[in-house]
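According to TrEMBL, the protein carries these features:
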{"type": "BINDING", "residues": "B:Asp25, B:Asp70, B:Asp208", "note": "Mg(2+) 3 binding site"}
{"type": "BINDING", "residues": "B:Asp25, B:Asp70", "note": "Mg(2+) 4 binding site"}
{"type": "BINDING", "residues": "B:Asp42, B:Asp117", "note": "Mg(2+) 1 binding site"}
{"type": "BINDING", "residues": "B:Asp42, B:Asp70", "note": "Mg(2+) 2 binding site"}
{"type": "BINDING", "residues": "B:His49, B:Asp257, B:Phe313", "note": "substrate binding site"}
{"type": "BINDING", "residues": "B:Gly116, B:Asp117, B:Arg141, B:Ser210", "note": "ATP binding site"}
{"type": "BINDING", "residues": "B:Asp211", "note": "Mg(2+) 5 binding site"}
{"type": "DOMAIN", "residues": "B:23-132", "note": "domain 'PurM-like N-terminal'"}
{"type": "DOMAIN", "residues": "B:145-298", "note": "domain 'PurM-like C-terminal'"}
2 protein chains.
Amino acid sequence: MNEFELIRQYFARPATDAVLGVGDDAALLRPTPGCELHVAVDMLVEGRHFFADVDPADLGHKTLAVNLSDMAAMGAVPRWALLSLALPRADTGWVSRLASGLFALAGRHGVTLVGGDTTRGPLTLSLTILGEAPAGTALRRDGAREGDDIWVSGELGLAALALAHRLGTLDEELPDEVRGLAEARMDRPEPRVALGVALRGLVHSAIDVSDGLLADLSHIAAASGVAGEVWLDALPSHPWLEARRAWCAALLAAGGDDYELCFTAPRSAREAVLQAGARAGCRVSRIGMIHAGQGVELLDAHGTPCYLGRSGFDHFDTP
Amino acid sequence: MNEFELIRQYFARPATDAVLGVGDDAALLRPTPGCELHVAVDMLVEGRHFFADVDPADLGHKTLAVNLSDMAAMGAVPRWALLSLALPRADTGWVSRLASGLFALAGRHGVTLVGGDTTRGPLTLSLTILGEAPAGTALRRDGAREGDDIWVSGELGLAALALAHRLGTLDEELPDEVRGLAEARMDRPEPRVALGVALRGLVHSAIDVSDGLLADLSHIAAASGVAGEVWLDALPSHPWLEARRAWCAALLAAGGDDYELCFTAPRSAREAVLQAGARAGCRVSRIGMIHAGQGVELLDAHGTPCYLGRSGFDHFDTP
């Protein structure tokens with residue numbers, strides 16, 4: 001089987017939402033008048049973003065999910081995707097499972113795969129996502145203001161817990177039920193697309209939590225020219241982790257791979273934010289405050305800063 | 001230096017043609033009303049698409065050029081790009097040269113880099129290009145008709161000649177001047193963007209020649225449900241190659257990396273196609289005919305089919 005047949009067989013599904021999908025030199029799309037186009041790309045590399053023995057269906061899910069999470073963080077509705085794929089060999093069973101995981105999530109979000117590229121090389125995936133939102137409604141990083149509440153969606157730290165368990169760096173036994181939940185969050189994160197849309201017009205800034213809460217919140221603080229304080233005791237998670245906040249602080253606040261939304265909103269929007277969470281079927285928790293200054297601090301129950309050693313995931317600083 | 005600083009320093013230039021460029025969860029773009037959006041992606045892997053000792057400035061140029069060539073083949077004007085980059089290490093000198101090659105070509109074509117992703121991994125680049133053309137004007141692969149002339153732009157086979165020289169598979173000595181020209185075509189191809197735009201409304205089908213003329217023309221034939229014959233003696237190239245058509249047939253017709261446009265047009269458009277070439281400052285040559293049937297044949301001066309052993313580059317069929 002050659003690369004053209006491979007692409008055609010697994011990725012060239014009818015593109016109902018495009019003038020022209022996979023199979024020409026470019027895909028042809030009709031943007032919605034009055035909308036801005038949102039575009040993002042994320043690259044996943046074996047051994048760095050996933051283990052070599054990953055279930056390819058999970059990998060297909062996650063490759064799209066991390067990009068949908070970027071759309072969620074902008075308040076955009078994802079519409080189209082393109083996939084670049086470097087494969088060590090043309091393993092049709094593996095590619096078929098990858099495609100099934102990707103298309104299942106795409107279908108649930110109304111996203112059409114309209115193009116891509118396949119080549120031989122070390123296993124690497126790069127997915128480009130295109131979405132839309134009415135002009136002027138984007139949730140940006142640079143709008144946080146003094147006095148804003150800091151919020152986060154869902155639960156933090158579960159994906160990092162699964163990773164720590166897998167790497168054998170956990171000191172404590174993990175109950176099977178917690179391990180299963182944590183692995184599901186690591187392997188098949190659910191991007192908060194509906195919440196992002198529901199937050200349009202309510203929040204001053206937003207970002208998705210992919211590198212760890214403090215690292216990502218630091219991007220909001222830097223882009224907005226403000227400082228933030230985050231309360232360890234307010235960080236939402238699974239009860240097992242919430243009962244172990246002190247020694248799990250790094251998992252909760254700097255764990256990475258959460259794919260939750262972190263956002264800031266004025267005090268006056270508290271009720272509306274809670275209603276937006278309810279509409280989106282998603283827990284939202286108030287976890288801190290924006291101040292004048294710079295930097296982001298994690299405070300314990302006594303208001304004392306916690307130092308975690310690292311504030312997030314950096315592809316070049318970690319070995 | 002961590003990945004965020006690296007990205008900011010070399011790739012986060014002011015995005016004059018975007019609502020929001022590099023630095024948020026997504027770029028924000030304003031598509032032109034009445035235009036279709038053209039989107040394509042190409043991935044380049046070390047050892048497969050370029051040598052490990054490539055000049056990074058050439059690599060930056062070529063990574064964008066191969067994508068601009070896709071826009072050219074659609075008759076679209078390229079506007080925005082996103083770059084995914086996996087790097088074995090954060091070598092700032094190398095990244096700086098890569099960025100300089102990419103931005104120099106982007107500047108010449110009015111393309112703005114609006115986003116991307118950088119991670120550690122085996123050297124891999126994936127570039128997404130977005131362009132525009134008035135709705136309904138796209139040059140597609142599926143419109144070739146019986147009786148169409150087959151045309152190609154520029155010169156064929158030079159990049160393949162440079163590759164053969166580099167790999168030591170050429171039987172003949174290469175004059176320095178030819179070698180220099182050939183290497184320039186391999187390292188820094190010039191995408192035919194102006195020609196693609198000039199051909200709007202004139203041609204029935206178009207594709208860019210990246211995998212070899214016959215392989216790419218076969219895609220037009222298959223998508224259009226027609227057959228093609230190509231005349232070896234009509235293939236345009238450098239005089240050194242034209243004087244050696246017989247033993248260089250594979251380089252000319254199946255060499256790959258040409259980044260010329262191959263297109264089909266009705267006989268009635270001959271004069272207009274030549275004028276379009278002149279307007280775009282680009283040689284255009286009539287090289288064959290579209291017939292009923294299927295497949296593509298290369299014919300010698302006697303009308304006898306030439307068999308080249310392979311019709312193009314396939315990432316999984318070649319070792």
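Just so it is clear, glycine is given a Cβ too, placed from its N, Cα and C backbone atoms.
Automatic prediction, not curation, is the source of TrEMBL annotations.
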Under a three-state reading of DSSP, tell me whether B:Arg141 (ATP binding site) is helix, strand or coil.
coil
Quick check: of the binding-site residues listed here (B:Asp42, B:His49, B:Asp117), which one has the Cα closest to that of B:Asp208 (Mg(2+) 3 binding site)?
B:Asp42
With 8 Å as the upper Cβ-Cβ limit, not reached, which of the binding-site residues B:Asp25, B:Asp42, B:Asp208, B:Ser210, B:Asp211, B:Asp257 neighbour chain A?
B:Asp25, B:Asp42, B:Asp208
Tally the residues of the domain 'PurM-like N-terminal' (B:23-132) by DSSP class, grouping H, G and I as helix, E and B as strand, and everything else as coil.
36 helix, 46 strand, 28 coil
Considering each pair of residues in B:Gly116, B:Asp117, B:Arg141, B:Ser210, all listed as binding ATP, report the largest CA to CA distance in Å, no decimals.
31
For the binding-site residues listed here, B:Asp42, B:Asp70, B:Asp117, B:Asp211, which shows the highest count of neighbouring CB atoms within 10 A?
B:Asp70
Whole-number Å only: compute the distance from the Cα of B:Asp42 (Mg(2+) 1 binding site) to the Cα of B:His49 (substrate binding site).
11
Mean pLDDT for the domain 'PurM-like C-terminal' (B:145-298), as a whole number?
95
May I ask for the distance between B:Asp117 (Mg(2+) 1 binding site) and B:Asp25 (Mg(2+) 3 binding site), taken between their Cα atoms and rounded to an integer number of Å?
11
Give the distance between the Cα atoms of B:Asp211 (Mg(2+) 5 binding site) and B:Asp257 (substrate binding site), rounded to the nearest whole Å.
6
Could you give the Cα-Cα distance between B:Arg141 (ATP binding site) and B:Asp70 (Mg(2+) 3 binding site), in whole Å?
12
Please report how many Å separate the Cα atom of B:Gly116 (ATP binding site) from that of B:Asp25 (Mg(2+) 3 binding site), as a whole number.
10
